[in-house]
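Chemist: First, the structure itself, so that you have it in front of you.
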Amino acid sequence: MTAANLQAGNPQLIATDEERTLFTIPGGVHPPENKQQSLNSPIVAAPLPGKVILPLSQHIGAPSLPIVRVGDHVLTGQLIAEGDGYVSLPVHASVSGTIVAIEEHPLPHASGLSDLCIIIESDGKDASIPMQERPDYRNQSAKSLLDIIREAGIAGMGGAGFPAAVKLNPRAGCSIEHLIINGTECEPYITADDILMQERAQDIVAGVELLSKILGEPKDVVIGIEDNKPEAIATMRETVKNTPIQVAVFPTKYPSGGEKQLIQILTGKEVPSGELPSSIGVVVQNVATAYACYRAVRYGEPFISRITTVVGEALAEQRNVEVRLGTPLSDLLTFNRVNEKKLSRLIMGGPMMGFALHSAEVPVVKTTNCLIAPTKKEMPPSPPALACIRCGLCAEACPASLLPQQLYWYARSEDHEKLESHHLFDCIECGACSFVCPSNIPLVQYYRSAKGKIKQQEIEKEKADRSRQRFEFRQERIARAEAEKEAKRKARQQAALEAKQKLAEAKAAAEQHSEATQQANSDDAITNALAKTQTKTTDPKEQQAKLERAVQSAEGRLQKASARLVESQQHTPDKNDKFAAQVKQAEVRLTDAKKKLNDFLTSTNFSTNTSGTSSTQTQEAQNEADKDKERLRLEKAINSAMNSIEKTQARLAEADDEKREKFEKQLNAAQERLQKAETKLAEFMNQLETTAAQEKLQTLQPATVDAQPEPDTPMDAASAAIARAQAKASARASMSEEEKLKEQIDGLTKRLSKAEEKLAAAIEEGSDKQEALSLGVEKLKIKLQQAQQQLEDA
Amino acid sequence: MALIKQSSPHTRGQTDTTKIMQTVILATIPGILTLTYFFGIGTFINLILASAFCLIIEASVLKVRRRPVGFFLKDYSALVTAVLLGVALPPYCPWWIIFIGSLFAIGIAKQLYGGLGYNPFNPAMVGYVVLLISFPVEMTRWPAPTSILTDSQSLPGLTDALSLVFGFASPVLLDGYTGATPLDAFKQNTGLMADNLYASQAIFREAHFAGAGWEWVNVAFLLGGLFLLYRKVFTWHAPIAMLASLGFCALIFYDGGSNTSGASPLLHWFSGATMLGAFFIITDPVSSAVSNKGRLIYGGCIGIIIYVIRQWGNYPDAVAFAVLLMNFAAPFIDYYTLPRTYGHTQSRRATDKIDTSQRR
Ligand code: SF4
Ligand code: SF4
C-alpha cells in the first residue's frame with residue numbers, strides 16, 4: 001500500500017471478505033494493542049456499590065429532569081429522572097436505596113467538571129421494580145419499540161453517548177440502506193465489546209435483528225469486527241448463521257472503529273462533511289448498544305449496568321467488569337485491587353481518545369467503556385515537545401486526510417480562517433497524528449482548544465448580532481409607540497377643544513332661555529329624557545361591543561406576550577425541549593390570566609350595564625353636564641395610565657433581555673423568570689384595566705359628541721327641561737361618581753392588601769419576585785391615592 | 001494519589017525527532033565512506049570541522065536568543081546540516097570556507113529565521129550556494145578519484161591534508177590531486193563525439209556506467225536513501241519525482257552520443273550531488289512541500305531545474321540552486337495541493353474561503 005494512494009483519500013478495495021467488498025481508509029496507526037491482559041477472565045460482576053452517583057447528563061442532549069426528592073426510597077430500575085425532550089434520556093436507579101442528595105458532583109470529564117447528580121445510598125437489598133417482559137416484542141410497532149428503548153435510557157455505548165432511539169429514528173427522507181454494528185473496538189486496551197461478543201453473542205444478534213426491524217429492515221446489516229478478535233469473530237459468525245446479518249472482518253488499524261471510518265471501510269462511502277451518517281443511508285450502532293436495546297425490549301431491563309474494561313498495570317486484576325452505573329471508580333479500582341502507589345494516572349476510555357481523570361471519586365456512566373490505571377512505566381508522561389520538523393508523518397497518519405502540521409501551525413498563530421479552510425472541524429480528534437509525531441507535539445490538544453475558541457467566538461458573535469437586532473427593534477417600537485401616542489393626544493386635545501367650545505355655546509343658549517321655560521313640566525323633561533334614553537338603548541350594547549373588542553385586543557396582547565416568551569426560549573435551541581414544557585405551563589397560566597381578564601371585563605360590563613339601565617337617565621344627564629370635567633379627568637387618568645403602560649412595557653423589554661441572558665446560562669432561572677412573567681402579567685392586567693377605562697372614555701366621547709347637537713336645537717320647552725334635568729342629574733351624577741370612586745377605592749384597597757400579602761410571602765421566601773411585587777404594590781398605592789384624591793375633590 | 005493530567009493520546013509511537021535525525025546521519029555513512037575511499041581523508045576533515053562549527057554557531061545563537069541550548073542541540077538537526085555541508089564541500093578546502101558555510105547555514109538560514117521548523121530554505125544548501133558564488137575557485141577544486149590518479153598524482157596524506165586545510169600548503173601540491181568531475185568534463189566538452197569524449201577522459205574511461213568514483217559515491221548515497229525510505233523517515237514522493245524528471249529530461253535530449261547530445265540519464269543520475277540531493281537534501285521536510293502531491297511537484301520541478309542548469313547553465317552541477325529555487329516555491333505549491341479531506345467532494349485550495357455554516 002503506497003502512501004500516495006492513501007493520501008488521495010480514495011477508498012480502495014482491500015479485501016473481499018466472503019460476500020463483502022471491503023475498503024481501506026487513509027492513514028491510521030498501529031499502537032500496541034494491549035488487549036490480552038483483560039481477556040484472561042470472563043466478565044465478572046462488580047459487587048453492589050454502597051452508593052451510586054448518577055449524573056443527569058450522561059448522554060448528548062438535554063440533561064434529565066429529576067422526579068425524586070431527597071429522602072425518597074427507590075428500587076433498582078426505578079425511574080428517577082425523566083428525559084427532557086427528544087434528544088435526552090431518562091435515568092434509572094441502579095441500586096435500591098435512599099436518595100441522599102441531588103447535588104453537584106464531579107463528573108468523569110477531562111476538565112473535572114461538576115454537574116447535578118442524584119446520589120443513592122444503597123440499602124444492600126437490590127430490590128428491583130418488576131420488569132416487563134415482552135416475549136412477543138416482534139409484533140410491536142417500530143415506534144413503540146423506539147419508545148421502549150428511549151425509556152430504558154439507552155445511550156450509544158461506544159463513544160459520545162448519543163441517545164440510541166434518536167439515532168434509530170432518522171429524519172424523514174433518509175432511507176436507510178446500511179445498518180452497521182460496530183464491533184471494531186480499535187482502541188488499545190479496551191475489550192468490553194470483544195468479551196461481550198464472545199459471551200453474549202445470542203443477545204447481540206437478537207439486538208441487531210431488533211434494530212434492523214426498527215429501521216425497516218435495511219438491505220445491508222453488517223457487524224464489523226477487526227481481525228484481532230478471532231474468538232469474537234468465530235462466535236459471531238456462528239451466531240449469525242441463518243440470519244441476513246453479515247459479519248465483516250478487516251485488518252486491525254486504528255481508528256477503524258471511528259464511525260466515519262467504519263462506514264468508509266464497509267461501504268466505501270464517506271459521510272459528507274457536516275452531515276449525519278443517515279444522510280447517506282447509514283446507521284451505526286455499537287454492539288453493546290444493540291445488546292442493551294435487546295435486553296430493554298425483551299426483558300424490560302432499563303440501562304442500569306454496563307460492561308467496562310478495567311485494566312492497567314497498577315491493578316492486580318485486569319478484567320472486564322459488569323458494573324452498575326454510578327459506581328464510584330474508586331470502588332472499581334479497589335475491587336480490582338489497585339496499588340495506589342503505582343498508579344500514575346487514571347484514564348477513562350482508551351489510551352488514544354480517552355481523557356485523564358482528576359480523581360477516582362467520579363462515577364461510571366453510560367459511556368464508560370474502559371478505565372485504565374497504568375503505572376508510570378506503562379504510560380510515561382510525554383516528553384517535552386520539540387519543534388515541528390514538518391516531517392509529514394502526521395499527515396500520513398491522519399484518517400481524515402487533513403494536514404495536521406498545517407493545522408498546528410495555524411492553531412498556534414490563532415489563524416482561525418486558515419484553520420477552517422484546512423477543515424479543522426473535520427478532525428475527529430483520533431490522536432493518530434499526535435501518536436506518530438516525532439517531536440511529541442500534543443497536536444490534538446491544540447485542535448481541541450482551537451475548536452473551542454472558534455465556537456466561542458461564533459457564539460459571541462451570534463449573541464452580539466442578536467442583541468443588536470433586539471436593540472434596533474426596541475428602538476423602532478418605542479419610536480412607533482411615541483408617534484401613536486402623540487397623534488392620539490393631539491386628536492384628543494382637538495376634540496376637547498371643540499367640545500368645550502360647543503358646550504360653552506350651548507350653556508350660553510340654555511341660560512338665555514331658562515327663564516322663559518321655567519314652568520315647563522319637569523315630568524315632561526324626565527319623560528323626554530327617558531325617551532331619549534330609550535332611543536339610545538343601543539348604546540350599552542355598543543359599549544359592550546367595544547369592551548369585547550377590548551377583550552380581544554387584550555387577548556392579542558397576551559398572545560404576543562406568550563409569543564415573546566416562546567421566542568426568548570428559541571434563542572437557546574438546544575434547550576428548546578426543556579422550555580417547551582415550561583412554555584406550556586406558561587400558556588396554561590396565560591389562559592388563566594385571560595379568564596381572569598374576562599371575568600374582570602364581564603364585571604365591568606355588568607356594572608356598566610347596571611348603571612346603564614338603572615341610571616341611564618342620570619348617566620345621560622351626567623354625560624351632558626359633566627362631560628367636560630369628566631373627560632378631562634379621565635384624560636388625565638388615561639395619560640398617566642398610558643405612561644405607566646409605556647414604562648411597564650419598557651421594563652418588560654428590559655427584563656426580557658436579562659431573561660434571555662439567564663436562559664442561556666441556566667435552566668433553573670427559567671422557572672424564576674416564569675414567575676416574574678406572571679407578576680408582570682398581573683401588572684399587565686392592571687394596564688388592561690386602564691385600557692378599559694380608556695375604552696370607557698372613548699364611549700363617553702362619542703356620547704359627548706352626540707350630546708352636542710342638542711343644545712344647538714331651537715330653544716324650546718324640551719331643551720329647557722333638558723337643562724333642568726342636567727342640573728338635577730349633575731347632582732345625582734356627582735353622587736354616583738362618588739359611589740363609583742368609592743367602589744374603585746374599595747377594589748383597590750382589596751387588591752393592595754392582596755398584593756401586600758403576596759409581597760410579604762415573597763420576602764419571606766426570599767424569592768426573586770420581590771422586586772416586581774413591591775413595584776406592583778407601590779403602583780396600587782399610587783392609584784389608590786389618586787382615587788381618594790378624586791373622591792375628595794368630588 | 002497524584003494523577004497525571006494529560007490530554008489524549010496517552011500513548012505514543014516510537015519515532016522521535018532526535019531518532020530521525022540520527023537515522024539520517026547514519027544513512028550518510030556509506031556515502032561518506034565511499035567519498036573517503038575515492039577522495040581521501042579530506043571528507044572526514046570537512047565533516048569534523050563542519051560539525052564543530054555548526055554546533056558552536058548553533059549554541060551561540062541559541063544563547064543569544066535565550067533558548068535552552070542543550071535542549072535544542074540534542075535534536076541533532078544542526079549535526080545533520082553539518083554532515084550535509086561537509087559532504088557537499090570539496091575535500092581539502094580551506095577551513096574558513098567551512099566556517100563561512102556553517103555560519104550561513106546555521107546562523108543565517110536556520111536560526112535567523114527562527115530555528116528548526118521555521119527555516120524556509122535548506123540551511124546546508126544556503127551555505128553551499130553562498131560559498132559557490134563567493135569562492136568559485138575553492139569550491140570547484142575537487143580531487144580526482146583515486147582510481148584515475150595519474151602516476152605523478154596522489155591524494156594528500158593527513159599532514160598534507162591538514163596543511164591544505166589550514167593554509168600552509170604550496171600550490172604545487174594542489175595540482176597533485178585535483179581533476180575535473182564527470183559533470184565538469186562533460187560541460188567543458190566542445191565538439192567531441194560522446195564516444196571520443198569518453199575515450200579521451202580518464203574519468204569516463206575508467207567508469208562502469210557514469211563517472212569514475214562518482215558513480216559509486218552516488219550508489220552509496222542511493223543505498224543510504226533507500227534505507228531511510230525503508231525506515232519511513234520520508235516518503236518516496238520527492239526523491240522519485242526528482243529522479244524521474246531528471247531522467248526524463250536527460251532522455252529527451254540524449255541522442256545516443258553526438259557532439260551536441262546531452263549526458264545520458266545514467267550519467268545524470270550517478271554524477272555530482274544527484275543522489276545526495278534526491279535523498280538527503282530535497283527530503284528535508286522543513287523546507288519542502290507538505291502534502292504528498294505537493295512533494296511530487298516539488299521533486300519533479302527540482303529535477304527539471306537541475307537538468308536545465310547542468311545542460312545550459314554556467315555551473316556543472318545544480319542541485320543546490322534547484323533546491324533553493326524550489327524552496328521559494330514550496331509555500332505556493334502547498335497552497336494548491338491540499339489533500340481532499342474526508343467528507344469533502346474535492347480538494348480545495350488553501351486560499352478558498354470556507355462556508356463555515358456547512359459544518360453545522
Ligand atoms: S508529525 Fe509532528 S513534527 Fe512531523 S510534521 Fe507533524 S507535527 Fe510536525
Ligand atoms: S486527530 Fe484530527 S488531525 Fe490528527 S489524525 Fe486524527 S483526524 Fe487527523
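Cβ atoms are placed via backbone N, Cα and C, with glycine included.
Because the structure is a prediction, the values reported are computed rather than measured.
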Chemist: For the record in TrEMBL, which of the ranges B:122-139, B:266-283 is the transmembrane segment one?
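Modeler: Residues B:266-283 are the ones TrEMBL records as transmembrane segment.
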Chemist: Using a Cβ cut-off under 8 Å, which residues of the same chain at least 6 positions beyond either end of the transmembrane segment (B:295-312) come close to it?
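Modeler: Answer is 183, 187, 235, 237-250, 253, 262-263, 268, 272, 274, 277-278, 282, 288-289, 318-319, 321-323, 325-326, 329-330, 333, 337.
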Chemist: So for B:Thr181 (FMN phosphoryl threonine), how many other CB atoms are inside 10 Å of its CB?
Modeler: 23
Chemist: Using Cβ atoms and a strict cutoff of less than 8 Å, what residues sit near the transmembrane segment (B:318-338) while being 6 or more residues removed from its termini?
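Modeler: Same-chain contacts beyond the ends: 88, 120-122, 125-126, 128-129, 132, 272-274, 276-277, 281-282, 287-291, 293-294, 297-298, 301-303, 305-306, 308-310, 347-351.
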Chemist: By a Cβ-Cβ criterion of under 8 Å, what residues six or more beyond either terminus of the transmembrane segment (B:20-38) are in contact with it?
Modeler: 44, 47, 75-77, 79-80, 83-84, 87, 91, 145-147, 213-214, 216-217, 219-221, 223-225, 227-228, 231, 233, 275-276, 279-280
Chemist: May I ask for the residues of the chain that lie six or more residues beyond the transmembrane segment (B:266-283) and have a Cβ under 8 Å from a Cβ within it?
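Modeler: Same-chain contacts beyond the flanks: 24, 27-28, 31, 84, 87-88, 122, 124-125, 181-183, 186, 209-211, 214-215, 217-222, 224-226, 228-229, 233-234, 238-239, 242-243, 246-247, 250, 298-299, 302, 306-307, 310, 316-317, 319-320, 322-323, 326.
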